[in-house]
Amino acid sequence: MSAVPLRNNKAIAADVRSITVLGATGSIGDSTMDLLRGAPERYRVEALTGNSNIEGLAKLAREFNSRFVAVADPARLGELREALAGTGIACGAGESAIIEAAARPADWVMAAVSGAAGLKPALAAVDRGATVALANKECLVCAGDFFMQRAAQAGACILPADSEHNALFQALSSGNREELVRVIITASGGPFRTWAPQDIEQATLEQALKHPNWSMGQKITIDSASMMNKGLEVIEASYLFALSPDEIDVLVHPQSIVHGMVEFSDRSVVAQLGAPDMRIPIAHCLGWPERIKGPSARLDLAKIGTLTFEAPDFERFPGLRLAYDSLRAGRGATTVFNAANEVAVAAFIGGHIRFGAIARLVEATLNDWTRSGNQAPLSSADDAIAIDHDARKRAAGLLPQIAAKAS
């Protein structure tokens, strides 16, 4: 039994739903809080967590009268308590407090803690059978089989919160699994879609951060420029919907209006369209199994005029090929792919490698890990985190060599 409900067969949501937002001060959290702000009569906030933005977290806690608030940095607990003095809001700090927030009795949990740190809190929500809007890539990229099996066993409901997987989630409800031929994830192509490979190699940080359509954080914007993000989304789709790599295609769509498509056996293709606004997929998750009124602009196709599509260029964007390779390799390779990419992006931001070296470092790390013979099935969150740590060490060790070759 899948933890992703591909048919609308769940009871209508309660009049007032209790909500926990893990990662409330990040970009996904900000969009979520904006939606909650628009319907105070419908939602009650149970818990909020943040990384280190005490001022922003405390402001949200006061505004929404949250019952519990946690900050990831244990050293900031005193500041958080001071910021919430006199409110009666319970406070916590550190990993255990973030997990406690996730385990509290909320009907709906937004899992938007970034990085591997988001895995254990998401599992805490899953283990109590919550409805979890999943915006953390690592839960699937690093521990996909294990995470989805655990969700199914606990009776949890996993709702994809990012735009592409939410689009597939909506389109998949038009048919049955045995009728599916393939899913198609769209990609804008990023700022380097038409650049020559040799020019992409030399791209600057400023150029990589100029995404043509989406407003996102620094790391994911760079991932979009390299199309590593699309590779990660291919991996996520495989685990979310139990798809083989051959059942997942990527199509470059510069306008970012069509977010995902599903082809069925009768050759019908069902697509989900919407403006490039993260509040749209989050609103779908927040209202599911109903639909709520969202604040986003309505889609005006006449104004847009033209929608174009093209095949991805694997020479221009080798990261996409590496994602498929790691997915086919299995047994922890996707965890290595993700960890090595994070090390590579940080090195690029820090000025230690060229943009073109990001994919080379990821490939070198995957090859080094494969030669080590450490491949083993994942059976726990600790297994996934151990592989993640090992891959980061390998990538860091290979970094000087990759940087020297590019200089």
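Even glycines carry a Cβ here, placed using N, Cα and C.
Marked as NADPH binding site by Swiss-Prot on the basis of sequence analysis: Thr25, Gly26, Ser27, Ile28, Asn53, Asn136, Glu138, Gly217. Of all Cβ atoms in the protein chains displayed, 16 besides its own lie within 10 Å of the Cβ of Ser27 (NADPH binding site).
In the three-state DSSP scheme, His211 (1-deoxy-D-xylulose 5-phosphate binding site) is classed as coil. The 1-deoxy-D-xylulose 5-phosphate binding site annotation in Swiss-Prot covers Lys137, Ser163, Glu164, Ser188, His211, Ser224, Asn229, Lys230, Glu233, and the record cites sequence analysis as its basis.
DSSP assigns Glu233 (1-deoxy-D-xylulose 5-phosphate binding site) to a helix in the three-state reduction. Swiss-Prot lists Asp162, Glu164, Glu233 with the feature Mn(2+) binding site.
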C-alpha of Glu164 (1-deoxy-D-xylulose 5-phosphate binding site) to C-alpha of Thr25 (NADPH binding site): distance in Å?
22
Of these binding-site residues, Thr25, Asn136, Asp162, Gly217, which scores lowest on Cβ atoms within 10 Å?
Gly217
If we take the Cα of Ser27 (NADPH binding site) and draw a 10 Å sphere, the binding-site residues of Lys137, Asp162, His211, Asn229, Glu233 inside it are none
Chain-internal residues, separated by at least six, CB under 8 A from Glu233 (1-deoxy-D-xylulose 5-phosphate binding site)
Asp162, Glu164, His165, Ile185
